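Written out below as structure tokens is the structure these notes cover.
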Amino acid sequence: MPEHTAPSRLRLSGLCFLLQILNILLFAVFVRYSPESSPGQCPPQLNCSQRNQDSGFQQPRFQNVHIQVLLSFGLLVTFLSRYGPGSAAISILIIAFATQWAVLIQGFFNFFLNGKIYVGAQSMVSADFCTAAVLISTGAVLGRVNPVQMLLLALLEVTVCTLNEYILLSLMGVSDSGRSLTVHTFGAYFGLMVSRVLYQPHKDKRKREERQDMGCQTDVFAAVGTIYLWIFWPSFTSATSVHDNARNWAALNTYFSLVASTVATFILFPVLYEESTPRMVQIQDATLAGVAMMGMAGEMLVTPFGALIAGFLVGLISQLGIRFFTPILHSRLKIQDTCGVHNIHGLPGILGALLGTLLTLLATADTYGDRLELVFPLVAQGTRTVTDQAFIQLSALPLTLLLAVLGGSITG
């Protein structure tokens, strides 16, 4: 991170103190434990449209999601030798604050009853999802903002991210269990817009040099981060599915997509670059692109070979984007994307949303059976046609981009 003077360090200390006291006071006034209830006994006053009651929630799933956010995303920023160690520490600070703030903001939208917010294990999972979007955004501005600005970014982004999630998942009834839109796409373009507002021409050359300055230690961090992605991301994608059947589909499709995306990197990398074997950072990027592709479509009827095809294509597209489109972002659009979040989160998230829309058109009772009610409950109930659901899935994409662009611009 940029070097700081004594006053700036005191500003960080003071802001952390004020934000933590604010969280404590708000928790004391509003937050209470949620009473255990079965999926069929959800109080009508609470928003239970996401079908995520704690009674169907298992503690290991929360642990998997939290490990994924804490370790995998924290290790993603260590490949830059200049900013890696400090950014990993700041990532933990962002996680610590954003998780608390997300529990509060999401509670006001989804779990507010009789003047209180009722939280349970699923509240923490939802907060982790929102925190992941914040960490994706910080990857776009890494090295150009200080920790105080990072906290302010988290404060604002959690609010807008929760609004976007509430509109899509609760009001519109969009199916996005693995968060192609609400985490990957939103986080990427929110961060890119912040980066655009904070554009600093004199840092373009240094960023390119720093991306190339990768040694053994950074490859080790990238290897550890990649391993955690492979182990825990299928749980991340399927964490919001209460029922085992839907969760199994999401986990399997995610695995198939990420392995195909990884192979695609080994195919294309020697063609685009002079090196014969990709570095661990590129493999890590390919893994992320593959799982982002399955965010919306993971619990749908992709079929195993379809997940392989989708992962393979997004692996190729992601590498082509890193090689050719990232320079255009810098030169034409004046967007500095330090960690390449556009190509490993934003673009795969968009492609995943388009794939999810296409698969929605193929959703019928004959093809899905009892699973139709799990993935598209309104279609199964007959209150919405497949065409209407597909249109809503598609319309969620420009709405997410609009909120991300506006929110990122204001934050920047």
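Residue positions begin at 1 at the first shown residue.
In case you wondered, yes, glycine gets a Cβ from its N, Cα and C as well.
The feature transmembrane segment is assigned by TrEMBL to 12-31 (among others).
Feature annotation from TrEMBL assigns domain 'Ammonium transporter AmtB-like' to 60-411.
Among the features that TrEMBL reports, transmembrane segment is placed at 65-83 (among others).
Summarising the annotation, TrEMBL assigns transmembrane segment to 90-113 (among others).
For 125-143 (among others), the entry in TrEMBL reads transmembrane segment.
What TrEMBL records for 150-169 (among others) is transmembrane segment. Below 8 angstroms of C-beta separation, residues 12, 15-16, 19, 49-50, 90, 93-94, 97-98, 101-102, 105-106, 109-110, 129-131, 133-134, 137-138, 141, 176, 181-182, 186-187, 190, 194, 396, 399-400, 403-404, 406-407, 410-411 of the same chain, each at least six residues beyond the ends of the transmembrane segment (150-169), sit close to that stretch.
Feature annotation from TrEMBL assigns transmembrane segment to 220-242 (among others).
Beyond the transmembrane segment (254-273), the same-chain residues lying 6 or more positions past its ends with a Cβ under 8 Å from any Cβ of the stretch are 178, 229-230, 233-234, 237-238, 282-283, 285-287, 289-291, 293-294, 298, 304, 307-316, 318-320, 323. Summarising the annotation, TrEMBL assigns transmembrane segment to 254-273 (among others).
Residues or ranges marked as transmembrane segment in TrEMBL: 308-326 (among others). Tertiary proximity for the transmembrane segment (308-326) is limited to same-chain residues at least six positions away from its ends with a CB under 8 Å from its CB atoms, namely 256-265, 267-269, 272-273, 282, 285-286, 289-290, 292-294, 297, 302, 337, 340, 342-344, 347-348, 351-352, 355.
Cβ atoms under 8 Å from those of the transmembrane segment (347-365) belong to residues 175-176, 178, 180-181, 183-185, 188, 288-290, 292-297, 300-302, 310, 313-314, 317-318, 321, 372, 375-376, 379-380, 386-387, 389-390, 393-394, 396-397 of the same chain, restricted to positions at least 6 beyond its ends. TrEMBL lists 347-365 (among others) with the feature transmembrane segment.
The transmembrane segment annotation in TrEMBL covers 390-410 (among others).
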